[in-house]
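*Asks:* For reference, the structure I am asking about is given below.
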Amino acid sequence: MKSAVLFLLGIIFLEQCGVRGTLVIRNARCSCISTSRGTIHYKSLKDLKQFAPSPNCNKTEIIATLKNGDQTCLDPDSANVKKLMKEWEKKISQKKKQKRGKKHQKNMKNRKPKTPQSRRRSRKTT
């Protein structure tokens, strides 16, 4: 009985607070109307995002954001774009490795040096 009352009070409380579940959708339609087959060097990229097909858009979309802020839709079937995606993924994985390496170096600096067992033991003087 107590658990049912507490459950109902919890539901009423959440309702009063305005907690609602909402569906988050990227867009109600495809973001890319047309695509570019032109070549973009991966060093000029700021970001590269790939969106899988969804109920609202039945095609794979790749959106490149350049360092100057321009956004371009790329053709996912193009050989140049596939190569660009591989280079971008390689660049991102290298950045993650560097970040992990810096974190490891920082942890190593914060550690106290270990002393040998012989130094820890108290020596008897005779």
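For all residues, glycine too, the Cβ spot is worked out from N, Cα and C.
Per Swiss-Prot, the features are:
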COMPBIAS  93-126  compositional bias 'Basic residues'
DISULFID  Cys30-Cys57  disulfide bond
DISULFID  Cys32-Cys73  disulfide bond
REGION    91-126  region 'Disordered'
SIGNAL    1-21  signal peptide
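Burial and contacts for the listed features, if you can.
*Replies:* In sequence order, Asn56, Cys57, Lys59, Glu61 are the residues near Cys30 (disulfide bond), counting only same-chain partners six or more apart with C-beta under 8 A. DSSP assigns Cys30 (disulfide bond) to coil in the three-state reduction, placing it in neither a helix nor a strand.
Spatially close to Cys32 (disulfide bond) yet at least six residues away along the chain are Lys59, Glu61, Ile63, Cys73, judged by Cβ distances under 8 angstroms.
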